[in-house]
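Enquirer: Below is a structure I'd like to ask you about.
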Amino acid sequence: MIHIGPSLLAADFSRLAEEIGDIEKGGADFLHLDLMDGHFVPNLTFGVSLVAALRRHTALVFDAHLMVEHPETYIDALAAAGVQYVTVHQEACPHLDRVLQQIREKGMKCGAALNPATPVSTLECVASYLDMILIMSVNPGFGGQQFIPYTVAKVGDAAELLENAGNTAAVIEVDGGITADTIGHVTAAGATWLVAGSAVFGRADRAAAIAALKA
């Protein structure tokens with residue numbers, strides 16, 4: 001089953017509560033939250049205090065994607081803010097196993113994200129423990145980028161990795177350049193959670209935009 005999560009990064013920040021209400025009524029399955037620190041990636045977005053404020057306005061599942069250095073310092077606050085999924089970058093975690101355990105200990109689902117050029121095989125040792133693998137299909141840091149075609153094969157690699165690990169519960173998420181033209185390629189390869197920014201928030205009719213992606 002396909003799950004669509006609009007990325008908050010593409011919303012109108014002058015009226016976030018209204019924007020989130022619009023996508024929730026429009027059939028969004030989760031809200032993707034890109035936390036960037038200006039160090040791991042060149043952009044700077046928002047912090048946990050905004051996430052906590054948004055929690056009061058929606059029942060949507062919160063999917064936090066940490067594009068930050070030292071992600072372990074965010075975990076406790078994200079749990080207190082009502083986040084359900086926390087994904088950290090393999091490239092930012094020299095002690096990935098420890099950080100994943102920390103997320104789980106706080107009652108949240110744990111995920112590992114991979115930049116486009118990072119092989120899926122780097123997650124082999126933690127594959128049985130993951131709730132999510134996030135394949136970045138653009139270079140992280142900014143919205144509105146073009147989909148990188150070779151990342152489709154990585155989705156298939158992730159599906160194979162999870163199968164070999166006996167982890168049938170974990171999901172594969174893809175983030176970056178997801179549109180009605182690209183979504184079919186990654187879902188055919190095994191992705192079921194798709195992050196869409198401008199493809200949803202860039203449309204006046206959010207319900208129609210979400211329905212088109214799920215079609």
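Each Cβ is built from the backbone N, Cα and C atoms, and glycine gets one as well.
Pasting the feature list from TrEMBL:
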type     : residues                                                                            : note
ACT_SITE : Asp34                                                                               : active site, proton acceptor
ACT_SITE : Asp175                                                                              : active site, proton donor
BINDING  : Ser7, His65, Gly141, Phe142, Gly143, Gly144, Asp175, Gly176, Gly177, Gly197, Ser198 : substrate binding site
BINDING  : His32, Asp34, His65, Asp175                                                         : divalent metal cation binding site
Enquirer: Looking only at C-alpha atoms, tell me how far His32 (divalent metal cation binding site) is from Asp175 (active site, proton donor), rounded to the nearest Å.
Expert: 9
Enquirer: Given the binding-site residues Ser7, Ser198, which one's Cβ is surrounded by the fewest other Cβ atoms within 10 Å?
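Expert: Relative to the other binding-site residues in Ser7, Ser198, Ser198 has the fewest Cβ atoms within 10 Å.
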Enquirer: On a C-alpha basis, identify the one among His65, Gly177, Ser198 that is nearest to Asp34 (active site, proton acceptor); the candidates are the binding-site residues.
Expert: His65
Enquirer: Once the chains shown are all counted, how many other Cβ atoms turn up within 10 Å of the Cβ of Asp34 (active site, proton acceptor)?
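Expert: Asp34 (active site, proton acceptor) is surrounded by 24 other Cβ atoms within 10 Å.
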Enquirer: By the DSSP assignment reduced to helix, strand and coil, which category contains Gly141 (substrate binding site)?
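Expert: Note: Gly141 (substrate binding site) is coil by DSSP, not helix or strand.
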